[in-house]
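Engineer: Sharing the feature lines straight out of Swiss-Prot:
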- GLU293: active site, proton acceptor (ACT_SITE)
- LYS372: active site (ACT_SITE)
- CYS463: active site, nucleophile (ACT_SITE)
- 241-555: domain 'CN hydrolase' (DOMAIN)
- 30-50: transmembrane segment (TRANSMEM)
- 63-83: transmembrane segment (TRANSMEM)
- 95-115: transmembrane segment (TRANSMEM)
- 167-187: transmembrane segment (TRANSMEM)
- 210-230: transmembrane segment (TRANSMEM)
- 569-589: transmembrane segment (TRANSMEM)
Amino acid sequence: MDTLHHRFQQFQKTIWFNIFCYLWTGIFSFLAFAPVSLTHFVWIAPFGFFWLSLKYHGKYKKLFFHGLLIGVVFYAISFHWIIHMAITFGNFPYVVAILILLFAGLLFGLKFPIFMMSFSFLSGKIGRHSVWVAGFCGLLSELIGPQLFPWYWGNLAAGNIILAQNAEITGVYGISFLVFIVSYTLFQSNPWHWKEIIHSKEKRKQYLRFITLPALLLLTFIVSGIFLFKKWENVKPVKSLNVLIVQPDAPLSFRDGREIKESIEALMARIEKLTDEGAVRLGKKPDLIVLPEAGVPFFSAHKTEITTKVRRMYWDRFDSLMFLLANRYKANVFFNEIDAGFKGAPSPRNLRYYNNNVLYDPNGDRRDSYQKKFLLMFGEYMPFDFLYELSQQTGRFEPGLTHNLIRYYTPRYYTLAEKEKSPKGRHLGWTDTETFNHEAVRSYYETTRTEVSETGKFLPLICYEVILPEFVREFRTAGNPEFIVNLTNDKWYGATTESDQHMELGRLRSIELRRWMVRSTNSGISANIDHLGRFVGNKKTGLMTAEALSETIDVIDSPPTFYTQYGNLIPWLMLFLTGIYYLNLLIGIRRGKSA
């Protein structure tokens, strides 16, 4: 063991050791993250930080440099899909796509050098508190480090369903704090010290004192997680809804040699077929049919002066199909479209586009809509106008103005005959919309109209918004939703790990709010997630597939959770109080030296 230790010490002096540290943290972080989800590796992944912080202790420029390199390696391994996105979405050459990945690692991996420099500084000044310094610096880097695709160390640990329950109280940041505390404790418990700990009574006492508080913290999180899991597992739902998710695998563009009409016709027929097949598997009429973001790309079902004359985006056959699905099953249909409006006085310069979700009630009437508020930089807008010339496929979207919930409805029947009422002859289908205009389609179903009543409200999120815990909290001003619906289009990333990561990052919102989530994606991964963060029925759709997912979801009636009301209060409070404590210690140390 001593010989091995000596060799490792010699290895630490080489540049190869630095590369070893980059790869250690990058690889073990990837293995702990979705889709591999070997969560236990998260506890040793930060070792690379600790090794380099010891090697370059007090050398802040080198720590900053090596922290940046860890960020680049982490991004290259875990977020390699950025290359695919840059090529597919931005139409950039392969070399430029690689440069974009490297730039993303440098810019959005800043939390790594922030951790290493702050940890080196504080642990050098306050050595006996190093384990808590690790937690403090880890939390600090998570809270202030800039990110485009926000992920946190707590997300990696939240693959453990018990630890994940603590997100209701501490948010993901609290779990990140735990990760760094436990990781540094394990780091200092390495095999090199076992011999002296075993043979020395004094060393054993020191070690027990060292691990006592971290062990108690871990135990607290485990006990709290078990308590919260049992508490919410025993909560009885107030009602259930039959939900049908349609994953149509719509094309990103029409560049495969077929006519646009042929491609879009095939897509609309596929949506109708998937809905019918999903309803058959459900065995009863759905209450809610959910289509994904860009499930019908490039078009709008909103007939306005702007979408019909200024920009011809409205397509009556799109409008008709959504109307037909609502009436065929007397269900709510929630779907995505492109909408447009003027920002200020009507003029070409003031024309704006919106990523819009809208609900049609069981009569096919247009009801509430939600316009995406948190837009993705480089995807839905560019920070500077000249960048549009480099990526002409990037959208020019305007953020929505409100955090609003979506109301959904239930048809009210007063007699059996009224419930079984059907249109004259037969139900219309997609092919009929070629000969029936939208007004004719509505007229055809006029006799089947029924009274509907508002049943409840749900929280709508579009794509990227679901991975932003602070943003999702802002909907609390709109009321207490019954469940969450997330519409997403991840097709830009191909069959990469991004879809699994997107799903995993969004899963914690169900725990934070204690609400079930319906997640409908264009090309995968679609699923229903319960209020404990579990996949309902252990069902998920595949990637790059067209399929439907039918499931009954539960509605939990409970007041807003601690996290919903207070957000990251506990992590910020921990950071503030610990910071005050360390500042006081540093001042005391400085005064002691001057005396």
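Every residue, even glycine, has its Cβ placed from backbone N, Cα and C.
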Engineer: Go through the chain and flag residues at least 6 beyond the ends of the transmembrane segment (210-230) whose CB is under 8 A from any CB in it; none is fine as an answer.
Structural biologist: 131-132, 161-166, 168-169, 175, 178, 181-182, 184-185, 188-189, 532
Engineer: Between 63-83, 167-187, 569-589, who has the most Cβ pairs under 8 Å to the transmembrane segment (95-115)?
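Structural biologist: Comparing 63-83, 167-187, 569-589: 63-83 has the most Cβ pairs near the transmembrane segment (95-115).
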Engineer: List every residue in the same chain as CYS463 (active site, nucleophile), at least 6 positions away in sequence, whose Cβ is under 8 Å from its Cβ.
Structural biologist: GLU293, LYS372, LEU376, ASN486, LEU487, THR488, ASN489, ASP490
Engineer: Measure from the Cβ of the residue listed as 'active site, proton acceptor' and count the other Cβ atoms within 10 Å, all protein chains considered.
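Structural biologist: For the residue listed as 'active site, proton acceptor', the 10 Å Cβ neighbour count is 24.
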Engineer: Note the mean pLDDT of the domain 'CN hydrolase' (241-555), expressed as a whole number.
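Structural biologist: Residues in the domain 'CN hydrolase' (241-555) carry a mean pLDDT of 90 in this prediction.
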Engineer: Measure from the Cβ of LYS372 (active site) and count the other Cβ atoms within 10 Å, all protein chains considered.
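Structural biologist: The answer is 24.
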